[in-house]
Each structure stands twice: as C-alpha cells, then as structure tokens.
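First comes the structure, then the notes that go with it.
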Amino acid sequence: MSNILVDDVYVDETNANAIFTVRLDVANAAPVTVNYQTVRGTAGTNAEQDYSSTSGILTFVPGQVIETVSVPVLNNTIAEVTENFYLRLSSASANATIADAIGMATIIDNDAPSGTPVVSLNDFTVDEATKEATFIIALDRPSTSVVSMNYATQSGTAVAGSDFIAKNGSLVFAPGETFKTVKVTLTNDNAFEASEAFNLSLSALTNATTLDAIGTAIIAENDAAPVSNSKISVDDIFVDESQTYADFVVRLDAPNTGAVIVNYDTVAGTAGSNAERDYSSAGGYLTFAPGEMVKTIRVTLLNNTIAEVTENFYLRLPSASVNATIADAIGMATIIDNDAPSGTPVVSLNDFTVDEATKEATFVIALDRPSTSVVSMNYATQNGTAVAGSDFIAKNGSLVFAPGETVKTVKVTLTNDNAFEASEAFNLSLSALTNATTLDAIGTAIITENDATPVSNSKISVDDIFVDESQTYADFVVRLDAPNAGAITVNYQTVGGTAGPNAERDYSSADGYLTFAPGEMVKTVRVTLLDNAIAEVVENFSFQLYSPSANATIIKGARATIIDNDATTGTPAASIIDAVVDESDQTATVTVVLNKPSTSWTSLDVAGQNITAVGSDYRALQIGKIAIAPGETEKTVTFALLNDALVEGTELFDVVLTNPVGVTLGDARAHAIIAGNDNAAVVSPVLHVANVAASEDKGYIDFLVTLTAPSISGAQVNYSTSSGTASSSSDFSSASGTVVFASGEVARVVRIVLNDDITAEALENFTFNLSGAVNATIGTASATATIIDNESAAPAAPIAIAGTAGNDILQGTQFADAMTGAAGNDIFNGGAGNDSMAGGGGNDIYLVENSGDTYTEAAGAGAGTDLVISYLTTHTLGANAENLQLAGTATTGIGNSLNNTITGNTRDNTINGSSGNDTLNGATGSDTLSGGAGADFFVFSTALNATTNVDIVTDFNVTDDTIRLENAIFTQFTATGAIPAGTFVSGAGAVALDGNDFLIYNTTNGNLSYDADGNGAGAQVVFASLTGIPVLTPADFIVI
C-alpha cells in the first residue's frame, strides 16, 4: 500500500505554469491512479485571470514514485496581494491511500510598482521524515534589473552532515520575477534528538537589499520509539493580517507504527470566514505516514482594510483514525490587525506558561500599530532559573517587520530532562530597536516541572485567573499534581456567571476535552473574550472540569474575573491583590489592576520581598517590570513555590510595585501567603472554614477551606451556599460542589461571585456550608460572608471577621475590621483601615500596616509564641507578644519585657530589645542594635558588605551577651557551637596573620571583621562596630 502526497508550490505570476509534485512514499508493484482537480482560493480561474482550471487522472507505473501536474498561471497586469489556489486529490486506486489530499499554490504578484526590492526568506517547521526543507526567497516588488545573491546553509543545533546536507549557490531573478526556492535535503536518522534548527544565509546581494538575511528551518524530531496509539495536538498561533496565510502545526507525540489520519476544519471565532473577509474556510484530512510526526495546515488570511480589534478563529480536529487519540482538538489563530493608524509602534512580548514536555516555547512579539517604516530589533534568550543547555537551547537573532506587519514569533527549543525541578523560567530580551519603542523588553517563559515520579491517579486543578477585557482571550492553565503513568482525559466547559457568553458580549463559550500524554502536567485552554464598549462592573464566568478518565481526580475548576476597560480614561491608579496559596501549588500568582484604562502605555517595576518566606520558599519567575498597553487594566506576576519538607507553618512574602510611569500607586504591596503543608499527615484531619468579608464591587469573595494537617489518603468535602440577609438571586451567585485535597495539601480557596447592583443597602450576609467529608472530620461546618455595599457610606462599626479552632488565614477589608482568632495558629491580614486583631491561643502572626491597628494577645500557658510584622516607621511590641519583624519601609523596632526576637529588614534599622533576654538580627543594612537589660544575642546572618551592612552594637555586655555567627556566611566555621581555638585575634589595629585568624577585633575603634583566608592575603570585611570597645574573648561568640 502506497501513500500519495502532493506538495505545496510557490510560483511567480510570470511563471507559465504552477507545477505540483505528486509523490508516493514507496513505489508500488502495481499501477497507482488518483484523480486531481484545481479548486479556487483567493486566486480565481479563467475569466478572473489568475490561473486556468485543470482536472484529470494521474497514473504511477510500477516502480514510479513522482508525477507532476502542470496548471497554467495567467500573468495579468493587475497589482494584487499574494493569492492562492489548490490542487485536490481524490479517488485513489485500491492499492494506495491519499496521505495529503491538498496542495496549495501561492502566486506572488509581479505588478507592484517596480524599484529596489527588499528580500525576505521564511522561517518554518518541517518533519525530519519529509526528506527536504524548502526555503522561499521573495522580493517585495519586481525589479527592472537583474537581482542576484548568494546563499549558503549554516549549522545551528542541527549540524550539516548528520542532520542535513550542506548547500550553497547563487540565485538570479530576471526582471519582473519575485521569488525563488532553495531545497535542502534532510537526513532522517534514528538518533533520539530534540527539535533542531539550521539556517539559510543570503549574501552578496546585487540590485536588492535585505534587513534579515537569515531564514531558519526547525526540524521536528521523529526518533522516539514508534507506538501503536499516538496523541495528536495542534498549536495555537499568532498571525499578522498581512501574512497571507496562517500555518497550523499539527503534531504527534510519538511516531506511529501505522499511518495516522485526522480530519480538520476551520471554525469562526470573532474572525469570520469568506464573505466576512477575515480568512478562507478550510477543511480536509491529514495523513501521517509511519514515522512522521509533524504536518502543517495552511489557511488563507484575507487582508481587508478595516481597522479591527484583535480577532481569532479556530482549527478543529474532530476525528482521527483508531490508532491515534486527539489530545488537543482546537488550535486558535489570533489575527493581529494591521489597519490601525500608523505611527511609531510600541513593542510588547508575552509572558506564558509551558510544559517541559511541549518541546518548544513560542514568544509572540507584537507592534501595537503598523509602521510606515521597517521596524527591526535583536533578540536573545537569557538564563533565569532555567539555564541554557540543560533546560532550553539558547537562541539569538534579529526580527524585521515590513511596513504594515505587526506580529512575529520566536520559537525556543526546550530540553525535557528527568531532573526533579520546581517550575523554572527563562527570558527573551529585545534590544537595538529601530523605528519602535518598548516599555518592557523582556518576555518570560515559565517551564512547569514534569519530573516527579509518575503516579496511577493524578489530581487535576485549574487556576483562578484575572483578565483584562481587552486581552482578547483568557488562558486557563489546567494542571496535574504529578505526571501519570498513562494518558489522562478530562472534559471542560465554560459556564456563565455575571459575565455572559456569545450574544451577551463578554466571552465566547467553549467546551471540549484535554488529553495529557504520559509525563505531561500542564495544558492551557484559551477562551475568547469579547471586548465590548459597555462600561461594566467586575464580571466573571466559570471554567468547569468534568468526566475525568479513571486514572485522575478533579480537584477544582476555576473562575475568570474580567476587569472592564471602558471606564472613563485618565491617569489610573495601580493596585496589587493579595494571594493565598498552598505550599504544594507550584506557583503563586498576584494580579496588578488599574482602576481605569489609560490612553497611553504605562509601566511599573515589581519585585518580591522576603518576610517570613525567604529564597528557599519561593523565587521570582519574571523580570521585574510590567508594561500595560493603552486600554488594558490588568497584568499578572507569577512566582514559583518550592515545596520543601521543613515544618514551617504559614509563611508569607510581599510583592511590591515601584517606579510608576504614567500611573499612580494605589495599594502598592500584596501579601502572598503560603499555607504550610509540612505537618505529619494523619488519617482524618479536621476541616475548618473561617468567616470572610468583601466589598460588593470586588466581584467575588473567597472562602479558605483548611485542614489541620495533610491527609494520608487525600480528603474531600462538599460545599454549598445559603441565603441570609443577602439573596442568591440579587446579591451573590449560589454555588455548590466538592473541595478536594490531594495528599499533602492543606488549603483550598472557593470563590463565590458577588453581584454588584446599584441599590444602596445595609451590610448583608450569606452562609457557606460544609458537609459530607471523606477522610476528614468537619470542625467548622459553616462560615458567614459579609457583603459591604459600595453605594452606601462606609460602615460605622468595624466589620466582624471571626476565625475557627483551626489554623486560620483571616483577610480584612478596606474598612476597619474586628478580627478574632481562636486556638489555632492564625495569621491576621487586616488590609486598609484601622483593625483590631485578637489571636487567642496558638502561634499567631499579626500584620500591622496602619497606625490605628491594634492586637491583643493572652498571657500565660497556651497563648503561644506570636509574631508581629510591622510596616510602620516605628513599632513597640505590645503586651504578651514575643517577636517582631520589620517589613516594608519600617525602620525602628522596640521590644517589651519578654524575651523577644526582633529582626530588621533591608533598611538601616534601629532595634532596641528593652528588658528581657532578646535576640536581635538587623538583617541587611547598617543597623543600630541595643540589647537593653538581660542576656542578649546579636545575630549576623546576611551577606557581608563593609559599605552597606555594618551594624553598630551600642551596649554589648561581655558578662551576659553573645554574638551569633551564621556559618553559611562565616564559612570557615563549619561546626556549630563555640568558635575553634586560635581563630580570634584582638588588638590595636589587629590583622590576620597565620592562616586561621578569621575573626579580627580592632580595639582601637571597636570594629569586628571577618577574614575568609585567615592570613590577611585577602581583605578583611568589617561587619560590626562595638560602642565602648568592650574587651572581647572567644567566649563571646557562638556559631549557629
């Protein structure tokens, strides 16, 4: 049985014929016949003066593998855009199968005004089994002179000799000709390789110019072991309206032992087909011959002259042969318009999440408007937590946008290793921009880890997201908690909330299914947003999962919160929203929102700040600048969580906005709170849910459901809402479902929709109920949600928010709150307003951010050890609170009569322990430390710097006080405890001399220094200065 294929062809209008090559993959012992006929595309037949329609029958005699079909091309004198038509194969003889039924002929016009042409050549993806890669070299206009140039292949990650056959030569364009092709032979080896690439380079151009002399061919690997059932997927793509066509890349996850057939068709989205003038509808089928893994479907774009918002349409894969499973049935083509008023464009590039198993990461570089001049820039990958060589293949080059073009893509090959890693990230950086500007030259690719040990039952969850109405689409990231030993399928659908689908003009409804191949952990579902012109409140809709395969369990669906962009424009205020996550969640995402759209580009710097969580608990994945386009009102920033096994309890880090351009700062600090999951797992932990409150115009309210410890077997509980003074018909959207905790998880958020009406109302409430627990016991069966009206005056009395007997994370409102905990280890985040916080028993954490905030702690046994995190300039610990940490812009911390631990921040702090046996740690910065009465410890645990990190100790008492040295900093002291004999030197102008003089105390000025080499060969670094120059001995130090 032979497979029949027909190649796409490019022709110049001056060519007499378009010659289609029809091939058999293997010669047949008997004659093979197949019918053919031409089918119009954007090019018309006969009287329409583009080509002559043709039909007939081809016959391959035994042993023959190539035939051609010649179609006359009509050289008219009309200046036209690039056009195309098709050759369709049908009705093959019984001894053959049509593997590729459609060949596209692209006709390059030669009637544009002549002049000095600009040369371009294409980038493309090709299967290793295709045997050759075809580069297209095109002139943007005909020339009245002969145009010539040299070409040569260049090795990249694909190497001449082993991956392709090197080729060089010259091209000559006769006057009027506008395109040529160069075919390079590929070597289809059996070496297991990632996708590789090589280039074709142009040089020695005569009578023509170019701004990009390099074309890249990406060779998709096909060397994995053949399988009996392959997974089929189709990539999402971005295209410029002027690109003439959209190429959808359809892939198999592994080559098949037999031929794989899949049907396809196009489906309208916000872009319309044919008469609607956005693209030409297409349909047909693909056949992957044994060993092939990549096919491309080309859909014609119609370059109209209407200024439009960004639009999209879909390529759908509805059915496949029995030896294949459709893993991703929908590919979205996003069309970037090129008809906006031209001018100097602003360049943006995307941040995105990709599975390590996806094999490549695609960066989208877009102009916000077309330019009348050529726009160019350089690009290069940058290491982040992901490193070139081990995690991805480094890449650099240049991009050239012809006048009118608005989008380009850069594909970076990923390395799917087996190293167990947390989520990692790398960047693509733009530089040397010509005829364009940018406010954010960095795009980030977040690579989700997939290297955990495969399990027999994976947990599926979806992240809640915030989206801007102008973003065109909402990307729902669907995750597995661990890779599975088999393929996982799950269905999905969108469900309206306060946002409505389709005719209601908020989003386009979507449904379908996902297939995770063995080893995959992340999939993205893209849902189209409809950018209407109606000023609306915050709205939302749901993304639901259902009917998973037997080897998976659904943990949670998601809600998309849509931030409107139709409010009155002006200078917006930027705020950042707090986030609560489980330590096992892999990532923490905080959202930056503008209170109104801007008419110009705005930008902000963003950075994480350690509070109780430090670098071993999280790490930034994105470079610290975000740019927000005119009309946009939302951006997200993602951090990787490092799920260690240390028993740490709830921790937090801050995310801070600074350096605003074109925007003011509202709430510039978000708290990312990580619920600790490190306690020993138990058979039946206790479930709790605390009371919550939120303003009506927030659009949602979050209930945090917690376990007192992880469950050995995982746990679940049903939830439902019931009306109180608030009605489910007008004030909130009723909800019910199941909260599922995977083994090791302790916190889950359930988001309930609030309806922002225009009626002035008193405080209202409804109830959130828990029931039907499995592998857990319900400790708190219900919680109350208080809704604060935004049409009424601020509440006269504080908003009551009560915790439970569990470990609560209590979130306040923008008003005054009265927050009460109970016996658990609670964290109090009051937010804006003057809040009162009462912890009760347990080890509680209080965030003090306003001068009117107060906290109350009980005395005596059972009251716990409590931490106050102060953001105020000066704070004195209140009664019965043991520990203080300075955060944000705080500078001064003062203890009480207890044995306090007081820790500074990055500023130059003043810390006073007062009475008690206190532990003082200035952290970074040049701090002033005073122990006061009692036996005090002075801790030095941050990187030494004689300029910016030298602490003054004002009252060191050699009888009672001790200096603690962290051996991660003072690396010569490997053992904890007393410092080794002979390592301390003291005296006037003391220096290191004999190889182990690591601590040097200068009795002339009281400076205490560390010398890492111990002999003075390297500079000693001052880290402290002791007022009064007390007489120190080795007994005054201890290594921790």
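Any Cβ shown, glycine's included, is placed from N, Cα and C.
Worth saying up front: this structure is predicted, and the values here are computed from it rather than measured.
For 1-90, 103-203, 215-318, 331-431, 445-546, 558-658, 670-771, the entry in TrEMBL reads domain 'Calx-beta'.
Comparing 215-318, 445-546, 558-658 for CB pairs under 8 angstroms to the domain 'Calx-beta' (331-431), the maximum falls on 215-318. Across the domain 'Calx-beta' (1-90), the DSSP tally of helix, strand and coil residues reads 3 helix, 50 strand, 37 coil. Across the domain 'Calx-beta' (331-431), DSSP assigns 3 helix, 54 strand, 44 coil. Across the domain 'Calx-beta' (103-203), the DSSP tally of helix, strand and coil residues reads 3 helix, 55 strand, 43 coil. The residues of the domain 'Calx-beta' (558-658), classed with DSSP into helix (H, G, I), strand (E, B) and coil, number 3 helix, 55 strand, 43 coil. Broken down by DSSP into helix, strand and coil, the domain 'Calx-beta' (670-771) contains 3 helix, 56 strand, 43 coil. Break the domain 'Calx-beta' (445-546) down by DSSP state and the numbers are 6 helix, 56 strand, 40 coil.
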